Amino acid sequence: MSAAQQAPLVALRGLTVAYGDDAPALSAIDLDIRAGERLALIGESGSGKSTLALAFADLLPASAKTAGTIEWEGTSPLGGRDIGFVFQNPAGSLDPVMAVGRQVAEVARTHLGLSWPDALARACDLFGRVGLPDPDTLVHAFPHQLSGGQKQRVALAAAIAARPKLLIADEATSALDTIVQAEIVALIRRLAAEDGMTLLFVSHDIALAAELADRIAVLRGGRLMELGPTRQVIGRPQNSYTRSLIAAHIGLDSPPLFAAANMSAPANG
Amino acid sequence: MRRRFLQTPEAVAGTAILVLLAAMALAAPLLFPGDPLRIAGPALTPPFQDWALPLGTDRLGRDVLAELFHGARTSLVVGLAAAAASLAVGAVIGTLAGFAGGLADEALMRLTDAFQTVPGFLLALAFVSIVGPSLSVVVAAIALSAWTGPARIARAEVLSIRERDFVAGARVVGMHPLEIAFREVLPNALPPVLALSSIIVAQAILIEAALSFLGLGDPNRVTWGGMVAEGRTVLRTAPFLSIVPGIALVVTVLGVYLAGEGAVEGAAVRKGLS
Amino acid sequence: MTRTLRLVRRRLVGSVFVLLIVVVGSFLMLQAAPGDAVDAYVVSMGGDAGLVESLRHAWGLDQSAWTRLANYLWALLHLDLGWSVTFSRPIRDVVLERLPNTLLLMGSATALSFFLGSALGIVAGARPGSLRDRLLSTGSLALYAVPSFWLALVLVIVFAVDLRWLPIAGIETIASSKTGLARVTDIAWHLVLPISALGFIYLALYLRMMRAGMAEVWRQDFVLAARARGLPRRRIVLAHVARNALLPLVTMLGLQSAQMLGGSVVIESVFSVPGLGRLAQEAVAGRDTPLLLGIILVSAVTVVLINLAVDIAYALLDPRVGAGEVA
Amino acid sequence: MGKHLLTVESLSKRFHSGGRAVAAADALSFHIDAAETLALAGPSGSGKSTVARLLLRLIEPDAGSIAFEGDDWLALQGNALRARRARMQMVFQDPLAAFNPRATVARVLDDPLRIRRIAPRSERPARIAELLERVGLSPNLAGRTVHEVSGGQRQRVAIARAIATKPSLIVLDEAVSALDVSVRGKILELLADLQRTDGIAYLFISHDLGLVRAFAHRVAILDGGRLTEEGDARAVIDAPRSAVGKALVAATPRLHRLTGQDAS
């Protein structure tokens, strides 16, 4: 756990975000992301987890009112160059009328100062790295010609095209089916390890977060409930809300919750 | 709802213009009783010379201000009637095509294509010249080409709403297809069609004006388009006679657009809030 | 490219039916007209009842409407549009003589309105809600409210009558023996006002569509994704937002062609441009039913061909068109 | 026929897109007994939702037969079909999309009572209140539009609508996948409760094997429109035999895999 000793890559201090006159989406969040770690941000709908992810990448809508500070190690970061961002909806995050290779290449062109041919060549390499088959052909394909999983791989290629320090995955796998989700999570884990990227993984799925992350932050109603190493948050949760989340989780390793209902059913087969 | 509708300054301006026009149209027979086409004074009296004839007279000595007021009646009547007719026809044909599907849909859509392929103004021109110019013929001529837009939108809406889960839900509950059509699909399909109404009213006013300008308007009524054409013969000496009714047209059509946009935005705000 | 070819084939098949409906429909409508070409002939040329009878027989007007429709369709298959009484010439020749002028007027006005309109629309849509945006969109709405014939007259008063910069009417200087480039310049000079009158009104339409389309695209996820990737704002606006918002404008280009043809009737009449629109007005004045029918038909064919071109352009711009085969 | 509540034999449906035919259901055969939960699991595109829509006659199959409550379900048409629909209901994944955007909660529940003539007009408000209470909602909710209530409440309204006509089978098409974990458990509890008291059978369509294992008696795993594996839910998921079954189980995240704890 070398990550634990390093200085924070990002330090949030008292971050508060409100949209319009509604109750704040985030209230006074203090949170450090350590360089090289995999941090999972979990919470149910309305917990503010996506707002927090967007705040890191300076993507909040202009109407959002923010207070508090986000401090970065060194200079202030540039979206795309220092932070890669992958969104939930793989179909929505790609321009429908631009070839996918160009959409990856334009990131490399913008941040690495490459010419178009060089940027396209880099897109081709990246397609290979994210496990897309036949990269030379696929760079010319359009989003509608790809499956959901393939689109998310393209989005990942675009996110890491400029070798960012931090990769933010905002529910990046929840629109995919179980098998594809597992593949994309494995890919994110591999890419982060190979490039030494810090990972912020935002999810509503506590089990998925537990499998991937070094540390877990639990959000509820815009407040940070609990933050700690995965083993501790899952194994010995301190916060009652975290405990209730874990109790509510129904997984393969959970006991059948409705045994009584099942028992009373007529036996068959 | 009304408060939201009047939120933008543009919507307020548009509504004010329309209220003023309606007042003009209604007040015309009271303020200027008798035939506005009769001779009221010496020909080509310039404006602001004679207080009895504030905007002067035209080439034949007719009172320009009286003509302007009575012309508002024609424009508004034609605009509203043509829009109502084309929205009704378009909504019915589009909805039928959307629900019927198959061959009937194909046939209705080719018919719509045919009406969209013939330039609308040419069709109106031919129709009026054949049947003879009168107010109702002009309205019919305009509606003849204006119904295709509402028809296409109504069909597209019906087709998309038919595939939505809540329609499947109504079928699962055992709702009769007619009830599904009239209670589930139509009320949700019509608002986008109605959103077109301001554009159709505005276009109808402009087409009527153009027909009148070419001498194909109702000869027994004052029309702004006819006034512009009338003034054209003395364009060099009295450009005022063509300019004034033209400005009336611009202001009217602008009022319709602005009020229409206000209504659509108001509806969007309402949707967004709920 | 097979995708585009498939689309063209499907559109062509549909167009045949559409044109058939247009022919039959306008033929039936014009049949309802009181009086026919013979009446028109007699009114202008004079003649007695015997002449009327013989002319009716000679022109086949004594046959039933259905027989005449069949005859008309048969003649159409041989590209024969009939005989114009007013011009004493084959309708095909009269119409084809006027068509190029109208196409020139329409094409130039379309280019003006489309390119300038969408460019201004991008300027307005680049920052939705800004002062620039509000000014441009309200200004364009005002422009869109202007009747084209009136705009034409105002342009004439200002630029031809008062300032004397441009010619009042016609398509070229009468009885000039200009040839080559000099003639082209002369025609262009004459068309400046008509093109402006026709084009500026539709410019407002394209501006508004572009702006509204961009406002919608701005809200889409891929624009947020483009921002997250740190692309320069200029590239986001042009390569992503405007590029996607352009697609409905291209569709509108096809729909608008019929309206432009209709609008040219009034403009050609104001500026005395010898085009199809003015011909239609002359046909109406002369009660020349077959000529009017011919003009409607040629206009419809023109609109069909323009729409075909627009469809091909659209298929090239939008990779999703006609692509249902990829899962 | 008649032995099971629902018997599906060789059900097939192809969709045509861009000149290519894709089999969404390929000779599927399965059955459901009264008061039993059969789960349909499989990756996306395996045809799960198509099966739901075929059973509910929202789309028509190309081939195959469906026997429901002893009748040839596919032979029913028009009024006869609408009347019998009362016995087979559905709950959709997205409760917002499943209701007319203009409807109030009361209208959503009034429709089945009125259409199937379950209660005269005067009694319906009381029946609606009763239904709301059965699904754990306050009768005060009746006047709200469906947009004004929370996602979990909306899904409860959907369940109330489904049970209004006293069905013997409810198709649950990913009915809890869009809900938060804390809400999800309570909705499943409610469904299990209804099964116990009213003997309702469920076709539980889900991509989440954890939910399937906890909620269903039996599971059928679909892949590319074909049935690859079927059996007791726990037995199949604990030791899948088909390749898809194995892949699905392996891909399902486990909360305690890393911590090494076993909650059971």
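The backbone N, Cα and C atoms fix where each Cβ goes, and this holds for glycine too.
Residues annotated as domain 'ABC transmembrane type-1' in TrEMBL: B:72-260.
Counting residues 6+ beyond its ends, the transmembrane segment (B:76-100) has Cβ neighbours under 8 Å at 21-22, 25, 108-109, 111-112, 135, 138-140, 142-143, 146-159, 162, 181, 185-186, 189-190, 193-194, 196-197, 200-202, 204-205, 207-208, 252, 256 in the same chain. According to TrEMBL, the feature transmembrane segment maps to B:76-100 (among others).
Summarising the annotation, TrEMBL assigns transmembrane segment to B:121-147 (among others). Within the chain, the transmembrane segment (B:121-147) has long-range Cβ neighbours (under 8 A, six or more residues past its boundaries) at 74, 77-78, 81-83, 85-87, 89-90, 93, 115, 200, 203-204, 207-208, 210-211, 214, 216-221.
What TrEMBL records for B:193-217 (among others) is transmembrane segment. Panel annotation: around the transmembrane segment (B:193-217), residues 74-76, 78-80, 82-83, 86-87, 90-91, 94, 120-121, 124-125, 128-129, 133, 138-139, 141-143, 146, 149-150, 153-154, 157, 223-226, 228-229, 249, 252-253, 256-257, 259-261, 263-264, 267 of the same chain, lying at least six beyond its termini, place a Cβ under 8 Å from a Cβ of the stretch.
Remote same-chain partners of the transmembrane segment (B:238-260), defined as residues 6 or more beyond its termini with a Cβ less than 8 Å from a stretch Cβ, comprise 10-11, 13-18, 21, 44, 46-47, 55-56, 58-59, 64, 67-68, 71-72, 75-76, 79, 195, 197-199, 201-202, 205-206, 209, 224-225, 227-228, 230-232. Annotation source TrEMBL lists transmembrane segment at B:238-260 (among others).
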